[in-house]
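Working notes, beginning with the structure itself.
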Amino acid sequence: ARCQCKMAPRERRNCGYPGISAVECKKAGCCFNASLPGVPWCFAPKPKRVKKVCPNDPYSRINCGFPGITAKECERRGCCFRPRPAGVPWCFYRRVVEE
């Protein structure tokens, strides 16, 4: 993603070899910007930012508890608790999504 390549030139960590082309650099999953001399032109992107969220679709829930688990016990496990609808897990794992 473009935002992963926006960083101060001094933060760039080399990701290629001298003379690497923009195409080869990008094929390797790296960022390319040749506008500044004296800093790496092919450099490692920032790590993707992710967060854990409770899924909205009750039918995509993955069970994290057991019958009769309390909300407090479920949340202590780092999971989501929603006591509805019937027939799906009420205590379920969070999903990792990119920000």
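In case you wondered, yes, glycine gets a Cβ from its N, Cα and C as well.
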Of the candidates CYS25, CYS31, CYS54, the one sharing a disulfide with CYS42 in TrEMBL
CYS25
According to TrEMBL, which candidate among CYS3, CYS30, CYS31 shares a disulfide with CYS15?
CYS30
Going by TrEMBL, which one of CYS54, CYS64, CYS91 is joined to CYS80 by a disulfide bond?
CYS54
CYS74: disulphide-linked cysteine among CYS31, CYS91 [source: TrEMBL]:
CYS91
Sort out the sequence-distant neighbours of CYS54 (disulfide bond) for me: same chain, 6+ apart, CB within less than 8 Å of its CB, listed by position.
CYS80, ARG82, PHE92, ARG94, ARG95
Write out how many residues of the domain 'P-type' (1-46) are helix, how many strand and how many coil, based on DSSP.
13 helix, 5 strand, 28 coil
What is the three-state DSSP composition of the domain 'P-type' (52-95), stated as helix, strand and coil residue counts?
9 helix, 8 strand, 27 coil
